[in-house]
Amino acid sequence: NQTAINEFILLGFSYGLQVQTFLYLLFLVTYMVTITENAIIIVVVKRNHYLQKPMYYFLGNLSFLEIWYISVTLPRLLFGFWSQSMTISFSSCMTQLYFFISLMCTECVLLAVMAYDRYLAVCHPLRYPAIMTHKLCFQLSVLSWAGGFSISLVKVSFILQLTFCGPQVINHFFCDISPVLNLSCTDMSLAETVDFALALVILLVPLLIIVFSYCCILSTILRMSSAQGRRKAFSTCTSHFTVVIIFFSATLFMYARPRRIHPFNLNKIVSVFYAVFTPALNPLIYCLRNKEVKEILRKIIGTSCSVHQ
């Protein structure tokens, strides 16, 4: 006899009280820092006329995405630490799964769009203003968001067709695809295949665009006669390239592999890195490696300090 379950138990981080207290404070600080960093970038890009460029328009999109990306998982985890209640309803679990995968897929496409923008800026500088218009920027951003949420809808719709009848314990700190699929008591081969195929598409297609873009960028930079020109071209790409390496190395490990390979403790460690710490690292990478953003932030901080004095 099989009885469908209507809630799950998120195992989370089952350690001693001292470790859980440390993790709670660590994740709370990380969440607050992430929200603050990304909100600052959005405000700076929005209000500064000098940053009204396609590169910063997409950076603002990325920062907006990162705020929601970390908000899908971390508040629920923090609440679990505080209340010691790790149960989550089936509908809440599926909602969390949908939005987390949607935002991750959107980031994949958005990073490819940003690579294409850098390709045009470095390889076709004279045609760049005519090609990368405000209209195209808007269309590419809409494509990123619509593509990510549409692919996630297909993934989750196949998962919703499964029956879950126990055990109801998810060995993770949020509802991710792999641990949820492994709780199904019906044949999950079709959902597993669809998920794996779409994961390859949404990861590999943007990654191929990024690799092609950077191969062209590198070729163009190496042909430049001016050392100063080469340094300037490199400086406009290094922050984005660093974010790409961090993001895709973790997501390819987690999602572009068969679901049967699931060392869950390792999964949780990798998931903490890309779901919690990466959104906090990305604004720092862009600010520390981008001269324009650093200069504007210095001016803002300097102005605010002089006003208070």
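Glycine too: its Cβ is placed from the backbone N, Cα and C atoms.
Listed in TrEMBL:
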| type | residues | note |
| --- | --- | --- |
| DOMAIN | 37-286 | domain 'G-protein coupled receptors family 1 profile' |
| TRANSMEM | 22-44 | transmembrane segment |
| TRANSMEM | 56-77 | transmembrane segment |
| TRANSMEM | 97-116 | transmembrane segment |
| TRANSMEM | 136-154 | transmembrane segment |
| TRANSMEM | 196-221 | transmembrane segment |
| TRANSMEM | 233-256 | transmembrane segment |
| TRANSMEM | 268-288 | transmembrane segment |
Mean pLDDT across the domain 'G-protein coupled receptors family 1 profile' (37-286) comes out at 87
State, in range form, which of 22-44, 56-77, 97-116, 268-288 has the highest count of Cβ pairs under 8 Å to the transmembrane segment (196-221).
-> 97-116
